[in-house]
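J.: Structure below; questions to follow.
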Amino acid sequence: MSVSFTRSFPRAFIRSYGTVQSSPTAASFASRIPPALQEAVAATAPRTNWTRDEVQQIYETPLNQLTYAAAAVHRRFHDPSAIQMCTLMNIKTGGCSEDCSYCAQSSRYSTGLKATKMSPVDDVLEKARIAKANGSTRFCMGAAWRDMRGRKTSLKNVKQMVSGVREMGMEVCVTLGMIDADQAKELKDAGLTAYNHNLDTSREFYPTIITTRSYDERLKTLSHVRDAGINVCSGGILGLGEADSDRIGLIHTVSSLPSHPESFPVNALVPIKGTPLGDRKMISFDKLLRTVATARIVLPATIVRLAAGRISLTEEQQVACFMAGANAVFTGEKMLTTDCNGWDEDRAMFDRWGFYPMRSFEKETNAATPQQHVDSVAHESEKNPAAPAAEAL
């Protein structure tokens, strides 16, 4: 006996699953994509002449289209399965004279953090060995102070740390506040891979967060680092109370530097009790993802690094960021003064989703330029017409 289930439902609710609608044409898709995004997806090399309006066009693209475009750009310039594992150590904690509203290490706020002297060189190198043994390929060191003026002994110790980490075959990055041209050269000669100095936010919003160091002073330090031949690492913090326009402004400023930074850290504010921003809520995930995707598109060859606040994201949210172009994380025991995802946790996540750790210096030693990678993709497409084009939207 046959049974007809459709008779029990009103005719209006019966769906014709066999109906095939006409597919939208490529032109109809393109008409909904901002011109700036179309140009970015087709690009074969980074450009440093983005206008703020163009960055805004990209940032305001509907999120599903934006992340899809970011994934296409990511595959054009990077291995989409490779994630750089970095470990950050505080080599000098607390006692900083600056008034950064988000920072637990400022001496102006009562956060319960005890100031320390600089860690001994041997202790730092041992931490680097542990990080390497656990899979990290970049070791970063941070010191809580305004600048390096009058710190000759400290600079000497930092240079020993840099040389020691490089001898292990690891990349090494430091963040020491403002430095001058001579100090940058000394660090370069010691073997420094990268120098971190975040812009934090847009020029317009910056004075509401920090008053003891100007935006131009930050840009000057980046200039010294770049002129010394050291890779620039510079990004921002999300959730400071900024508007979308400030996230757009940050990315525009970084993209307008003489050359794009080697890495762009995306930090989500971790509210610290006792600081002026201690009662802030974490930024919504859609805005964080939108920032990651925009950074990937506007800074196509740059490493986009998930930094502070990643521990608050679910595994699925982290993977969404990776698929939208993030390709580095901080991992290990701590990230300066805040909690951090651990090595075992991250390796297990990579295994579940098909990612793997980027090798040390992989970005530098890979002989293929972005254009050569594009040519390779095109060649594979000719051999296999079914393969999707990297830039297709």
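Placement of Cβ uses the backbone N, Cα and C atoms for every residue, glycine included.
Pasting the feature list from Swiss-Prot:
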type: TRANSIT; residues: 1-20; note: transit peptide
type: DOMAIN; residues: 81-310; note: domain 'Radical SAM core'
type: BINDING; residues: C96, C100, C103; note: [4Fe-4S] cluster binding site
type: BINDING; residues: C140, C173, C233, R305; note: [2Fe-2S] cluster binding site
type: REGION; residues: 366-393; note: region 'Disordered'
J.: Expressed to the nearest Å, what is the distance separating R305 ([2Fe-2S] cluster binding site) and C100 ([4Fe-4S] cluster binding site) at their Cα atoms?
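T.: Cα-Cα, rounded: 21 Å.
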J.: Looking only at C-alpha atoms, tell me how far C173 ([2Fe-2S] cluster binding site) is from C100 ([4Fe-4S] cluster binding site), rounded to the nearest Å.
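T.: About 21 Å separates the two Cα atoms.
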J.: Taking the Cβ of C173 ([2Fe-2S] cluster binding site) as centre, how many other Cβ atoms lie within 10 Å?
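T.: A count of 24.
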J.: Please report the Cα separation of C140 ([2Fe-2S] cluster binding site) and C96 ([4Fe-4S] cluster binding site) in Å, rounded to an integer.
T.: 19
J.: Could you pull the average pLDDT for the domain 'Radical SAM core' (81-310)?
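T.: The average pLDDT of the model in the domain 'Radical SAM core' (81-310) works out to 94.
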J.: I'd like the number of other C-beta atoms within 10 A of the C-beta of C140 ([2Fe-2S] cluster binding site), please.
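T.: C140 ([2Fe-2S] cluster binding site): 26 neighbouring Cβ atoms within 10 Å.
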J.: Hey, what's the Cβ neighbour count for R305 ([2Fe-2S] cluster binding site) at 10 Å?
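T.: Result for R305 ([2Fe-2S] cluster binding site): 25 other Cβ atoms within 10 Å.
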J.: Quick one: Cα separation, C100 ([4Fe-4S] cluster binding site) versus C233 ([2Fe-2S] cluster binding site), in Å?
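T.: Taking the Cα atoms only, C100 ([4Fe-4S] cluster binding site) lies 19 Å from C233 ([2Fe-2S] cluster binding site).
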